[in-house]
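According to Swiss-Prot, the feature substrate binding site maps to 186, 679, an assignment based on similarity to another entry. Marked as Mg(2+) 1 binding site by Swiss-Prot: 189, 193. Residues or ranges marked as Mg(2+) 2 binding site by Swiss-Prot: 216, 219, 434. The feature Ca(2+) binding site is assigned by Swiss-Prot to 646, 672, 676, with similarity to another entry given as support. Per Swiss-Prot, site 'Determinant of potassium independence' is recorded for 464. Annotation comment: Swiss-Prot describes 1-21, 62-82, 83-103, 128-148, 164-184, 261-281, 328-348, 412-432, 465-485, 516-536, 616-636, 685-705 (among others) as transmembrane segment, evidence class sequence analysis.
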């Protein structure tokens, strides 16, 4: 009981930190009336979009809530609601701070680079701490309520199902937020660039471009609210999956409760280390912004190592554990592996997307010979970028499995995600600096201010790319833990078919000789591609609508280009809001319905009865692995490739290969418009898709067992 209260205290601390940081950000100077006017337009657009998005999700959520009450009971449905509401809240609050911090960052940059950095990072840290804190509070308090208030056994089905449903609630918000936000932001970005930069020849964030405000709104709904929901979900889902595994592996042992609280305790201690880490972010004498941010991340990592050692030692000791053949020490070693995997994935992603390294420079060089060669080189880099992260994840799985079996992999993933607070802070720093640059440009601030905001924005682009790499790596491992939970859960029901009569005579066979397993693998493998295609098509459609709208305004109001007429910014925002909401629903339902359809389809094809059930459970399990395997590669290649295309354009804009306006620059803009939906819509949305498929399969087991 004390352990749970201490974990809750850590969660509360993160919320207190967020409140303190918010008041500190809001007390900063908000700049000139012109700057405030632009910021207000961005804020209104972002709030209007989120209201629509949450209303739509709310309708879908209520339907699922009712179904869960019917199939699995009230407490499971409440778990779903908690996950959904908290995930939505983290994104909503974070974004509301971010749209107020942008103008203050632009104003702070007029005095010093350090001031701009401090404000933008603090705004990002608010979202980060809310994500980690609310996810931890949601899981811990509901688990505590079920176990201590309702007096349910920690490994009872109600508790396990309610925890899985909580993860499902977070997942649902996450896939909608990622996809909807991504369609909005990239529709504006691609559409605005095609007409503004390529046709009209005006620079980025030029106030004459009617899509400018929509582009700045998009940064917030995509990168701030979208990323927050994504990592909230991975955090909650991994904690839940680790708890489910603990409930199965340590069912009849005295350490059951300690093992189930272990992932939560690791999360709790890492919130404290993340909060301490934020105070290390200071601009040093070298004036390296990335260096300042990495100082905070490294401090968090080192402190977390010590914290995790303390947590494991106090909860379960370093010695031999009941019921299994590994020690507490080997679980700590798995935690260390989790931190090493995090560091390596971040470093590899930066290598593939940073302007200082070979991949980005090679795309920039290829732009000299034209649009085609830019796209060819960009695609080559996007494929190459999958190799090293995959090898790191493979090594992580092998080492942790040999140390402590499946539970070791789960603890490594839980440790990886325990740093989510700091990582989301780095990510949410991106849209704040991006918007600050836009506001500085539109308000006509002096050149040296633009220089500061550009420097911050360039780093913001790298942090956004780096955190996407982390989000995918952790999602892949998290999904693997969920697959293990599916497999163990299935074994549990089959072994206990006296109580769960549906599973009588079922004998799932995951060997590769089973044709149903091969069918499942292939079916799972196609899902990320199909899902990615839907996302890309949606962006293409939204961008076309924006291109038409911007051209129409330029045609009907020739005064816009002379600066005598004002563009109608609201029209573009409204158009994108409608498009994004409409386009996000069908793709989001794909991973929700797939496991159910595959199960009943294979059940019917294999002739029903116990044989049909065995075939269907095997096919669904294989499908989950198929989704993880191709999903990982699709997501990494899209996010890293897109990031490299984007930064190749920035590299040329910095004066290489002829600089802005050169032929190489025009080719690089083409590459960037391809890379945009790659890295900000389809790629990141594959993350929640992988996990939803796995969670729905777990819930399907629970429903069939009832």
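A Cβ is built for glycine as well, from the same backbone N, Cα and C atoms used for every other residue.
The transmembrane segment (412-432) is in contact with the transmembrane segment (128-148), judged by 3+ CB-CB distances under 8 Å for residue pairs 6 or more apart in sequence. Sorting the recorded positions 186, 464, 679 by the number of other Cβ atoms within 10 Å puts 186 first. Sequence-distant neighbours of the transmembrane segment (616-636) (same chain, 6+ residues past either end, Cβ-Cβ under 8 Å): 385-386, 389-390, 393, 469, 472, 475-476, 479-480, 482-483, 486-487, 490, 506, 508-510, 514, 516-529, 532, 591, 594-595, 598-600, 602-603, 606, 682-684, 686-687, 689-690, 693-694, 697, 700.
Tertiary neighbourhood of the transmembrane segment (62-82): same-chain residues 138, 142, 146, 150, 158, 161-166, 168-169, 172, 699, 702-703, 706, selected by CB-CB distance under 8 Å and a gap of 6+ residues from either end.
Among the stretches 83-103, 128-148, 164-184, the one making the largest number of Cβ pairs under 8 Å with the transmembrane segment (261-281) is 128-148. Considering only the recorded positions 193, 464, 676, 679, residue 434 (Mg(2+) 2 binding site) has 464 as its nearest partner by CA-CA distance. Close to the recorded Mg(2+) 2 site, the chain also has 42, 102, 215, 217, 218, 220, 223, 431, 435, 437, 438: residues not among 216, 219, 434 whose Cβ is within 8 Å of the site's Cβ mean position. Within 8 Å of the centroid of the Cβ atoms of 646, 672, 676, where the record puts Ca(2+), the same chain has further Cβ atoms from 189, 642, 645, 649, 671, 673, 674, 675, 679.
Geometry remark: residue 186 (substrate binding site) versus residue 676 (Ca(2+) binding site), CA distance 6 Å.
Nearest in space to residue 646 (Ca(2+) binding site), taking C-alpha to C-alpha distance over the binding-site residues 193, 216, 679, is 679.
Remark: of the binding-site residues 219, 646, 672, 676, the most isolated position is 676 (fewest other Cβ atoms within 10 Å of its Cβ). Below 8 angstroms of C-beta separation, residues 71-72, 76, 157, 160-161, 164-165, 167-168, 171-172, 174-175, 178-179, 182, 229-230, 233-234, 237, 244, 471-472, 475-476, 478-479, 482-483, 485-486, 489-490, 493, 500, 502-503, 524, 527-528, 531-532, 535, 587, 590-592, 594-596, 599, 620-621, 623-624, 627-628, 631-632, 634-635, 638 of the same chain, each at least six residues beyond the ends of the transmembrane segment (685-705), sit close to that stretch.
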